[in-house]
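The structure appears right after this line, and notes come after that.
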Amino acid sequence: MTMVAKDGVTTPKLIIDGLSKRYGDVTALEPTQLNVPTGEFLTLLGPSGSGKTTLLQMICGLVEPSSGRILVDGRDQTQTPVYRRDIGLVFQHYALFPHLTVAENIEFPLRMRALPAAELKQRVKDALAMVQLDHLAARFPRELSGGQQQRVALARSFVYQPSIILMDEPLGALDKKLREHMQIEIKQLHRETGATIIYVTHDQEEALALSDRICLMNHARIEQLGTPHEIYAKPATAFAADFIGISNIFRGQVDTSSGGEIRLSTRHGSFRLPSGATSVGKEAAIVVRPEQITLGSDKGNTVMGRVMDTVYAGSETRLIVDLDEGETLIVRLPPGHPVPAFGERAALGWNPDAAVLVP
Amino acid sequence: MNTKGIAGMTATTASALSPRQRYFRPNALWLAAPGLAFLAVFFLFPVLRLLALSVQNPASGAFSLESYARIANTDVYLQVLGITFKIAGNTAIFSILLGYPLAYWLAGLRDGLRERMVLLVMVPFWTSYLVKTFAWMVVLGRTGVINNMLTGSGLASQPFPLVYNEFGVMVGMVHAMIPLAVLTMMPIMIGIDRRLIQAAQALGAAPAQSFWLVYFKLSLPGVTAGGLLVFISSLGFFIVPALLGGRRETMLAQLIITQVQELLNWAFAGALAAMMLVAALVTCWLYDRLFGLSSLSGGETSAQNGGSGRLRLIGLAILRVIAKASAMLADVVRKVIGTRGAQLLLPIYCALALAFLVLPTLLVIPIGFTSSQFLEFPPPGYSMQWFETYFSSPVWLSATLRSFGVAAATALCATLIGGLAALALARSSTRWGGVIFATFLAPLIVPRIIIAVGLFYLFAQIGLVATDMGLVIGHTVLALPFAFVTITAILKNYDWRLDQAAAVLGANRVKTLFLVTVPLVKGGLVAAFLFAFITSFDELTIAIFVSGGIKTTLPKQMWDDMILQLNPTLAAVSVVVFVIVTVLLLLAERFRRTA
């Protein structure tokens, strides 16, 4: 895995060592290995039930692991109760204390740490300024809008400078516009404070926008770990390709053609594979992103189909093409490119090296 | 119908209605009218007139503060007043203190388990006060269960005086009131978002600190509401002090009963009842000033900020000190008995508390089957003789039949009137909603003895004393809140789009009500009927005044017997009453949940 090379010298902030969780017969998380370097923004991404929230809750101590260890700054924290872990947690529904004002909510963790009054005041003030809520310090949470409440929750988790800040779908309850705005604010907070952040979401766009690295999870285990670009450009599995971005996936069997070339036989025909492909005789699939496909048959691999729909999306136009052998293909045409008419037959091709072979 | 027709029709409705027509347009709110009229005549009017009577000269009818002067000048009355407040206050404090951990534990259980465990609180809540008090007389008496065990095992040379003193009264009162305290506090606790506790701990609060600083603070509306209800209910108590207390534990309600029944001194009884009512109202007023009354119904109030300004900050500071201290205490406890042991403390306490609530009543069952002439435990042998005595006694049988009849009629009336009112509130959004809601709950808050005396005075004038009709009316006043609340809760979850669907499909309002709404909420209606039935079936206060002479009810007959002399027949009767009420209660709970 790449992260060892990336952070080989210093101890990682967080080491997840063989951590697992079972509820009776149900496995919520298979034994998992994960290192998070200091200052990284790591996103746990996956569909519901993939184990990401379980992993998060074990890191902060709300759920007891069935096996494995959690090390923060090299110290074993597995048996440490929640309130002694020094971890920040931002909840999906904010979990602001309704009986305390904004300022009192933010000073709560400082009081628990018995900070001197003067320092406490200053820190609350700084935290309020950081999220631009100075003018609302004396309000109660229910008097604030959803976005403001989320800012209070953020300030409350940053104010005591915990070694790791966990965020459990913190923007899930906000509408799209506000969500995008808050993403920028969270990114700024991360830059300004240098905090190590582990962020849970099921929204792939959010993960791509925010993360230093994405930890893609599925079926209670890690599917792929890497930077957003790595995961988008080189998905390790068909699931990864399908979950992040839009993908066209052709399944088939790897075999050798008469010319000695390794190809993938699918029901849409036999396709050339990216150079360096091996694993002859196995079931496999190739992933082609919509922007890699062009109209015409001059790129090496070609399929035929009928244009069923065109979707204009401003910066691009998407074609939905029904292939002759069933299934649909999505093609992304750059602006200004001539768009074929509805029902028109079209040949579509791609460069074999632009596709990714996945097991 | 063509579009033109529809357009024309809308135009008429919009323009042609005069203000008068608009006022009398059929509005769902009118469905509450029968209930409001009923409560005005048989609840508000008698209670208010009782207050008026207390400031009238009995002979001339002129304004006079004579009765109050008499109370103020008589040491005995002032003492009784003091005792009443003291006992009611202590009962409220102990019920809350002992009930809080139980409510906390219940609120933390998963839903299915909680529903079953709550029954252990519901059964004692609905068990007749007479049966519960009878049980304590058997347990605490000079030759009772506890003293027998103590002297029999040689732990004590002579019996302890556990009954006919303040101790006996407090045990009986607290036992009777803990269920009310728990059932009031629990819903508020269930409503507390558990993620707030997790958040507090993630932010560095130890479990004890997160409890005091977050959970306890948020549960306070429930605590104060429970305390208020217990205090006001206790003010009007007479069964427990009369049967478990001595002369020095005489409470106000007993004094009122004596004044009415033996001395026929209406004005003075009115003055005493007025004092009790004023005490209750002042308590409610104070409560409202401090916490806001709407928190009684679970609404959001200023109580969530705990008042304003300095008071709130002082409260928070006190909580922080308590939190710190108990976090240290918890550390010590955990060191001494281990984490496992500390986690067991709460379940162990709750098991004991539930045993305290349930066991005394269950003790009555074997005694009902005793072969002895005395109330011994354990019984020397078993026989059916006391049930035979019960079933062959014309007095007991006719009392039982009357109770059944009256309860059935009461339940029918209460369900009908309360159901219409609940429908009215569910279907109309009016600023009077809160007032109407409070009016239907009021008979629950005003001490029963006041309603009973007021009704007796009214019935004496219109010839309803010693009639079944009078009993049904009185019991309907008391049962109405239960029926109303049950049906309101069911209608809250009802999907009104089904009614709209029926209307679109061509059903008029009456057809919609009977073909769609009623069949869908009938579980709730049955539950309301059963709750009202139980309320009437073991009602004593109104029966004492209204069921005169031979027209007695089962609780009234029990009361008369208990005052005269305890005997095993009473145990047999208690078993019958307990079984009937418990079976009906379990049925009602079942219907309520499936609705």
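Keep in mind that glycine also has a Cβ here, set from the backbone N, Cα and C atoms.
Just so you know, TrEMBL annotations are computer predictions that nobody has curated.
As written in TrEMBL, here are the features:
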DOMAIN    B:81-287  domain 'ABC transmembrane type-1'
DOMAIN    B:400-588  domain 'ABC transmembrane type-1'
TRANSMEM  B:28-48  transmembrane segment
TRANSMEM  B:87-106  transmembrane segment
TRANSMEM  B:118-139  transmembrane segment
TRANSMEM  B:196-216  transmembrane segment
TRANSMEM  B:222-244  transmembrane segment
TRANSMEM  B:264-287  transmembrane segment
TRANSMEM  B:313-332  transmembrane segment
TRANSMEM  B:344-369  transmembrane segment
TRANSMEM  B:404-425  transmembrane segment
TRANSMEM  B:472-491  transmembrane segment
TRANSMEM  B:512-534  transmembrane segment
TRANSMEM  B:569-588  transmembrane segment
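Within its own chain, the transmembrane segment (B:222-244) has Cβ neighbours under 8 Å at 84-85, 87-89, 91-93, 95-96, 99-100, 103, 129-130, 133-134, 136-137, 140, 163-164, 168-169, 171-173, 176-177, 180-182, 184-189, 250-254, 257, 276, 279-280, 283-284, 287, 290-291, 295-296, 303, 445, 447-450, 540-541, 559, 562-563, counting only residues six or more beyond its boundaries. The transmembrane segment (B:344-369) and the transmembrane segment (B:28-48) are not in contact, since fewer than 3 Cβ pairs between them lie under 8 Å (pairs 6 or more apart in sequence). When Cβ-Cβ distances below 8 Å are used as the criterion, the transmembrane segment (B:264-287) is approached by residues 47, 50-58, 66-68, 70-71, 77, 81, 84-85, 224, 228, 231-232, 235-236, 252-253, 255-256, 293, 445-447, 449-450, 453-454, 457 of the same chain, each at least six residues removed from its ends. Between the transmembrane segment (B:512-534) and the transmembrane segment (B:404-425) there are at least 3 Cβ pairs closer than 8 Å, counting only pairs 6 or more residues apart in sequence, which means the two stretches are in contact. Beyond its flanks by at least six residues, the transmembrane segment (B:28-48) meets 277, 417-418, 420-421, 423-428, 430, 432, 436, 439-440, 442-443, 446, 450-451, 454-455, 457-458, 473-474, 476-477, 480, 484 of its own chain at Cβ-Cβ distances under 8 Å. The list of residues near the transmembrane segment (B:472-491) in space but at least 6 beyond its ends in sequence, with Cβ under 8 angstroms from a Cβ of it, reads 35, 38-39, 42-43, 406-407, 409-411, 413-415, 417-419, 421-423, 425-426, 437, 440-444, 448, 451-452, 455, 464, 521, 523-525, 527-529, 531-533, 535-536, 539, 542, 546, 592, 595. Scored on C-beta pairs under 8 angstroms, the neighbour of the transmembrane segment (B:313-332) with the top count among B:196-216, B:404-425, B:569-588 is B:196-216.
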